[in-house]
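Record features, source Swiss-Prot:
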| type | residues | note |
| --- | --- | --- |
| BINDING | Arg191, Gly192, Gly193, Arg194, Thr310, Asn334, Ser522, Arg583 | CoA binding site |
| BINDING | Gly386, Glu387, Pro388, Asp410, Thr411, Trp412, Trp413, Gln414, Thr415, Asp499, Arg514, Arg525 | ATP binding site |
| BINDING | Val536, His538, Ile541 | Mg(2+) binding site |
| MOD_RES | Lys608 | N6-acetyllysine |
Amino acid sequence: MSESKVYPVKAHISNGALLDKAGYEAMYRASVQDPDAFWGEQGKILDWMKPYTRVKNTSYDPGHVSIKWYEDGLLNVSANCLDRHLAQRGDKVAIIWEGDNPAEDRKLTYRELHTEVCKFANVLKAQGVHRGDVVCLYMPMVPEAAIAMLACTRIGAVHSIVFGGFSPEALAGRIIDSGSSIVITADEGLRGGRPVPLKKNVDEALTNPETKVNNVIVLKRTGGNIAWHNHRDIWWHDAVATVSADCPPEAMGAEDPLFILYTSGSTGKPKGVLHTTGGYLVYATLTFKYIFDYHEEDIYWCTADVGWVTGHSYLVYGPLANGATTIMFEGVPNYPATNRMSQVVDKHQVSILYTAPTAIRALMAKGNEAVADTSRSSLRIMGSVGEPINPEAWEWYYRTIGEERCPIVDTWWQTETGGILISPLPGVTDLKPGSATRPFFGVQPALVDNMGEPLEGATEGNLVITDSWPGQMRTVFGDHERFEQTYFSTFPGRYFTGDGARRDEDGYYWITGRVDDVLNVSGHRMGTAEIESALVSHPKIAEAAVVGVPHEIKGQGIYAYVTLIAGEEPSRELHKEVKEWVRKEIGAIATPDVIHWAEGLPKTRSGKIMRRILRKIATGETDSLGDISTLADPGVVDKLIREKSEAA
């Protein structure tokens, strides 16, 4: 095997695993040779109100991109996550909630969760929400976030969740684009001991005249002081007190929309990624089962926020469709103590842990403090998600958190893919630190050069997927042309992931990072164009260019080149003001780590900014700038290098 270190499958894992090597090979072969037969069979993992007769109807043809799975089947997501478990698992714990404060926790059984979901579904109906309407959620990490999601699916409404860390401006943009007329929020969230002003942000977002919101349902989380609008605002607890707990699930078409989730692209405006009902849930359910080698007695903890796709697929829908116990954590992994994550593992006897490299690196920086006074002996499987994990962090996670006992499923996927595409399987895959290894069933990755020519064998190139899978996004909400343009125009006939990858002699994939203008900051995607447009909207900024630089905790940091308008001078105050400005426009995750005051930017004669050169300068690789003769003013490069050394 290539690469320096290989960790073979351990006997104690393979003995009880759902799949072994031969089983995986046979299923994978079947999935690509006859997708209709394979996915027709796998679709039975769900309960259908009307069984499908058609399975795969997809086209990647230029100008005719269309993705449909199970299109004549009818089902309901909440019925698959709740109702079907009531007879056998009604008293099993569905959600364990662990508060920001370690003294606070709650458990909800499947029966209790079902009751709460039915009630809140009736609340939505009473507020005039109909099938197909978009409901915006701007919630803290509390069980009510999952209850609201499932209530939407019960009545056929479409949820659009906005991460609680986004600013009022970013929230308003998503409310406007999705056409939401109702927002569900809380008075405040809690994170790391600090309140998050959710209701205040909603109030501010709704001052935008383009928003058309009639109702705001407010959960009382902290009891903090908030402004109240009698004509519009409703307390969650008041609304659920007067409704019936009986709400039959709506029969939805497999291709009816399930949710919209906004994600950054390489052009400025965030895209509303649209997922539909049947294929998405089949894929989330199946990937959860096999990738985490799920067994009935497992206690599963995914540390992601519901505001990100990982929270949708692997905190709520995948686990609950499998009848699992899923942990929802309000806090952060190092509060109030560095060993909080390990404490939670022990407290709830977590057997499967799914977290992000950013969290792992932050804990690694604290060494053994991260595991002090904890045993973590309940852990069986560990996972990584959000960005490629560097081998050093992988090794630390494996040795220190998992004590060399637990295989690590290093999962690669995207908001657009609905579920995991490339990942080890615990009983199947020999592990290599830093590699996402092999594709899941039905996933056909390929590497191509910049001209789109396929690259064979051990090589490096642009990562594309050559055929559809059930969890794939169907379109960009309200803009199918942008969907085709973004994902299918670079390499016609193939889905372009925007990532580069390396394939080794064993056919293992190693994700090398974005090849487009998208950053991965702490596992969160940020389009450089989005940050740049926030910067240039500042009255004193004439021009800005943003690139990613390596960051030892966040993976990538944000390096902003900023040119001021004539007559303005850089200052410490302005530096602070610009950072605050971006935080207000987008949210704290978009705050630049470095602001480089630049007299000018390197441009081609046609006016295109040469980001390749800016990346090299930002990372100090000034001896390999390549050809700069095409620049309108090559002298600008020396100036930038000089400015950087002066700033340092």
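From the backbone N, Cα and C atoms, a Cβ is placed for every residue, glycine too.
Since we're looking at a predicted model, the values are computed, not measured.
If you compare every pair of Cα atoms in Gly386, Glu387, Pro388, Asp410, Thr411, Trp412, Trp413, Gln414, Thr415, Asp499, Arg514, Arg525, the residues listed for ATP, the longest distance is 18 angstrom.
In terms of Cα spacing, the recorded positions Gly193, Thr310, Ser522, His538, Lys608 that come within 10 Å of Gly386 (ATP binding site) are Thr310, Ser522.
Around Pro388 (ATP binding site), a 10 Å sphere centred on its CB holds 22 further CB atoms from the protein chains shown. The Cβ of Arg194 (CoA binding site) lies under 8 Å from the Cβ of no residue that is in the same chain and 6 or more residues away along the sequence. For the binding-site residues Gly192, Gly193, Gly386, the largest tally of other C-beta atoms within 10 A is found at Gly386. The DSSP secondary structure for Arg191 (CoA binding site) is strand. Of the listed binding-site residues, namely Val536, Ile541, the sparsest Cβ surroundings within 10 Å are found at Val536. Ranked by how many other Cβ atoms sit within 10 Å of their Cβ, the recorded positions Arg191, Arg514, Lys608 place Lys608 at the bottom. Looking only at the binding-site residues His538, Ile541, Arg583, the one with its C-alpha closest to Arg514 (ATP binding site) is Arg583. A sphere of 10 angstroms centred on the C-beta of Trp413 (ATP binding site) encloses 24 other C-beta atoms.
Surrounding the centroid of the Cβ atoms of Val536, His538, Ile541, where the record places Mg(2+), the chain contributes additional residues within 8 Å, namely Ala534, Leu535, Ser537, Pro539, Lys540, Ala542, Glu543, Ala544, Val562, Val578, Trp581. The two recorded residues Pro388 (ATP binding site) and Ser522 (CoA binding site) have their Cα atoms spaced 11 Å from each other. Annotation note: Val536 (Mg(2+) binding site) sits in a helical segment as assigned by DSSP. Non-local contacts of Arg583 (CoA binding site) by the CB criterion (under 8 A, 6+ apart in sequence, same chain) comprise Ser167, Ala590, Thr591. Once Cβ contacts within 10 Å are tallied over all protein chains shown, the binding-site residues Thr310, Asn334, Thr415, Ser522 are led by Thr310.
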